[in-house]
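> Questions regarding the structure given below will be posed in turn.
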Amino acid sequence: MRNFNYSAIQEKKWDSEVLSLVAAIYKEAGKQELYLKQHPDELDKLVEIAKIQSTEASNAIEGIITTSTRIRQLVQEKTTPKNRDEQEIAGYRDVLGIIHESFDAIPISQNYILQLHKIMYSHMNNPLAGRTKNVQNYISATYPDGHSEILFTPLAPYETPEALDKLCSEYNQVIGNFELDPLIAIPVFVHDFLCIHPFNDGNGRMSRLLTTLLLYRSGFYVGKYISLEAKIAKNKDLYYETLAASQQGWHEGKDDPVPFIKYLLGTILSAYKDFEDRYSLVEIKRSALDMVRLASMNRIGRFSKQDIRELCPSLSISSVEGALRKLVDSGELKREGLGKNTYYYRLT
C-alpha cells in the first residue's frame, strides 16, 4: 500500500513560485480579516452568492445540473428536489452549509468524512452513502473519436479504509505539531484523497468540500465569500491536467504534488483577489451608477449583467439594469446581444 509521510514533505525545497503564492495568500488573508471588521454587513451579502455558485459549479463539473433558477431555490431551501440531479445538488448544499456553520467542530477523520458523504446523499436512496467503495474505480478520459483511456488507477477497495485513516492521521500530525504550513498540507491532502478515490461516487465533490473545510479550519475563509468551486469549474481542464501530472508515480511514492499545489494555491489567491475587488465596491458609500461603473472597470473583455450583480450584491436587479442602461447611453459601455445572451464591453 502507498505510504503517507507528511513529515518528510517539510524537507522538500520549494521553488520561488510556490513560496510566492503562499506569502501572497497570507497577505491577502490578513487584509480580508481587516475588511470583514470594517464592513461585515455589506460583505455578508456575498455569502449567499458564493453558496449558490459553489453548489452549482461543483455539481456541474460532474455533469449534475439544473436551471439557475432551480439552483437558487434549492440553495435557499425554497423548494424540494424534483429529480436525481436536484437530490444530489440538495445534498451538496447541506454539507456545504454544515461546513460553513460548524467547521471548527468537524475533525479531519475517516469517520467524519464518511458522515459528510452520507449527508451528501441524504436526499436519495444510495446504499453506499457514507461507505467506502466496494468495487475498483478508475480515472479515465474519453476522446472525441469515442475511445476511452485509463489515466490512473486508484487504490483497491480493500486498501481504502486503512489509507483514509493514515491520510487523516498524517495530516493531523503535521498540522497539530506545526510541522508543515497548511497551505502546503491542504493541497497535498486533497491530491492524496483524489488518488485514493475512496467512494464509488462523489469523490470530486467531496474533495472540493474538504478543501473548503481544511481551509476554514486553518483560518482561510475566502471560500465563504468567493466560490472556489466556480473558479475550478472555469479552469476545469487545468485542474485535471495538474492533477494528472501530480498522480504520476503516486503508488510508488514517486509522485510530484507540486503541479497540483501550484494550481490550488493559484485558485485560492485568485479568490482573494476577487474578494478585494468586491470590497472596493462597498468600502465607500457610492451611488448605484458609480458602483456599476467601478465594477465594469474590474472586468476584462465582455461581461454580463449577472457578472455585475455578483460584484454588487447590495444592489437590486433593477438598479443594476438602470445603471448599465445609463452607461450604454453615455457611451462608456457597448451592449451586444439580446435577452440572456446580452453582453457588455467597456469603450472608455
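Keep in mind that glycine also has a Cβ here, set from the backbone N, Cα and C atoms.
Source: prediction; values computed, not measured.
Checked TrEMBL, it gives:
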type: ACT_SITE; residues: H197; note: active site
type: BINDING; residues: D201, G202, N203, G204, R205, M206, S207, R208, Y239, Y240; note: ATP binding site
type: DOMAIN; residues: 108-266; note: domain 'Fido'
type: SITE; residues: E62; note: site 'Important for autoinhibition of adenylyltransferase activity'
> Would you count the other CB atoms within 10 A of the CB of S207 (ATP binding site), including those on all shown protein chains?
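S207 (ATP binding site) is surrounded by 18 other Cβ atoms within 10 Å.
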> How many neighbouring Cβ atoms, not counting its own, are there within 10 Å of the Cβ of Y239 (ATP binding site)?
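Around the Cβ of Y239 (ATP binding site), 19 other Cβ atoms lie within 10 Å.
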> At the level of the C-alpha atoms, what whole-angstrom distance separates E62 (site 'Important for autoinhibition of adenylyltransferase activity') and R205 (ATP binding site)?
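The Cα atom of E62 (site 'Important for autoinhibition of adenylyltransferase activity') is 8 Å away from the Cα atom of R205 (ATP binding site).
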> At the level of the C-alpha atoms, what whole-angstrom distance separates Y239 (ATP binding site) and H197 (active site)?
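Just about 16 Å between their Cα atoms.
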> Give the number of CB atoms, excluding that of H197 (active site) itself, located within 10 Å of its CB.
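Summing over all protein chains shown, H197 (active site) has 22 other Cβ atoms within 10 Å.
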